[in-house]
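Please read the structure below before turning to the comments.
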Amino acid sequence: MDIKATVLSILSDLTGEDFADRMDEDLYASGLLDSMASVQMLLSIQEQLGVPVPVSEFNRDEWSTPNKIVAKVESLENE
Amino acid sequence: MINLQPYSNPQYFLILLAALLPIIIGLYFGKRLKIYEALFTLVFLVLTFGGVKWQEGINLLLWLVFEFCLTFAYQHYRKQGKNKTSIFYLTVILAIIPLTVTKFMTTQPAGSVPFVVGFLGISYVTFKTVQVIMELRDGTIKQVDPGTYLRFLLFFPTISSGPIDRYRRFKQDYDKAPSRSDYITDMQYAVRYIFQGFLYKFIIGWFFGTLWLPKIEHQALAVGNMVGGLKLSWWVVAYMYCYSMYLFFDFAGYSLFAVGISYFMGIHTPMNFNQPFKSKNIKDFWNRWHITLSFWFRDFIYMRFTFWAMKKKLIKNRIRLSQASYLIDFLIMGFWHGLTWYYIVYGIYHALAIIINDIWLRFKRKHQKQIPHNKFTEAFAIFLTFHVVCFSFLIFSGFLSQLWFGWK
């Protein structure tokens, strides 16, 4: 399954917003994501894409925008 | 033999800077003098834990040997490809046993424990080991380098009271020397931080903590004993404000020293405070107050617990789960401060505050149109948060225990 589409659908489930045109928006600065939502996001990524993301892999700076999330998931998948 | 407590007086800085000079010159020329740095650390550790504090020094050594064996045994175990949850829990529990025992022993009546327990900074170094063990479990750290690990744990500027750095971040800085222009910028920050620290700790902190606080305390106790009952008076309110200011300026000042000295050594130890009294709500406050501690709790307790509970479908309702996580998070933080009622109440109080804050934020989001948002509501939010926080510091100070039960 396409990583970008899945990430966007996970984000839209979590925030109720579509980020297809806003791939560089900082999700933490705008308050759309918090720790709780981040955990849900990691878990959804794991369940829907089969890419395990340990919590300590999670660093807000590296996961702050839709583009960064996609890149991070891709790099973890290739590991 | 002499004993010097870190950052305790201005003379200390002269000695420290003189000893740092070779490191500074080395970094200026793009070289990290690792051997000299190790010697420097050793000398300052001996100054801190030598002399009258020699027993603490022994405890530190024993602690180090123990945590080293534990970390590398666990790494060895992980390298065999094994990853049992029970072994992971066991390792973490063993890692925090020295701290737990120390916290427990220090609550015993004075004189009942015939030896010196723990050492200065044990709470902070314990965070560092636990973090490394958790990352070994997750596989985000695959191999701990013994030399770097030792330097990370004993990194002198932060050993006594943080800020709490992370192994991977520290190693990144430590493995290279900054470029000259970066290092010059670092030094400019370092000087600024250290002078700001002087202003905070030795001037403003002195007024609040040394000059005014004892007088207010004396008055509050005297008037309290006169009025009886809950022994409350306006002096208790004064104590609350004065103590809160003292706590901030003393601790933020100390943290600025630690960060400033780290920058001189080419290590970007993270900042601990970011104008906490400007916080608009409690969540905002914990992003600005004792940041490295609250982020440690966020990453290694709150998020891990939430992840685990969500995966096991322990609590299905997302709101309930986040509330349970907050309670656990802050309760553990309370216990970490010490096994006394007021630290634990402080933890529960902050958990409740942040839960109420979340309820309010949800309500506000739903009724965005009806709820006004302007300069005045923002000023009110800051005012309210400030007072919620100051009251928590009054609990934290232990003064209420002194007032009501005669002991701290």
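Keep in mind that glycine also has a Cβ here, set from the backbone N, Cα and C atoms.
Lifted from TrEMBL, the feature list:
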| type | residues | note |
| --- | --- | --- |
| TRANSMEM | B:12-30 | transmembrane segment |
| TRANSMEM | B:35-52 | transmembrane segment |
| TRANSMEM | B:58-75 | transmembrane segment |
| TRANSMEM | B:87-105 | transmembrane segment |
| TRANSMEM | B:111-127 | transmembrane segment |
| TRANSMEM | B:189-208 | transmembrane segment |
| TRANSMEM | B:220-241 | transmembrane segment |
| TRANSMEM | B:248-269 | transmembrane segment |
| TRANSMEM | B:343-361 | transmembrane segment |
| TRANSMEM | B:382-405 | transmembrane segment |
Counting Cβ pairs closer than 8 Å to the transmembrane segment (B:382-405), the top stretch among B:12-30, B:189-208, B:220-241 is B:220-241
Going through B:58-75, B:111-127, B:248-269 one by one, which has the most CB pairs that fall under 8 Å from the transmembrane segment (B:12-30)? B:248-269
Would you kindly check B:35-52, B:111-127, B:248-269 and say which stretch has the most C-beta pairs under 8 angstroms to the transmembrane segment (B:58-75)? B:111-127
State the residues, same chain only, that lie 6 or more residues beyond the ends of the transmembrane segment (B:35-52) and have a CB under 8 A from a CB inside it; answer 'none' if no residue qualifies. 1-6, 16, 19-20, 22-23, 26, 60, 119-120, 151, 154-156, 159-160, 265
Remote residues contacting the transmembrane segment (B:248-269) - C-beta distance under 8 A, at least 6 residues beyond either end: 7, 13, 16-17, 20, 23-24, 27, 32, 37, 155-158, 161-163, 165, 169-170, 173-174, 177-178, 183, 186-187, 189-194, 196-202, 204-205, 208-209, 276-277, 290
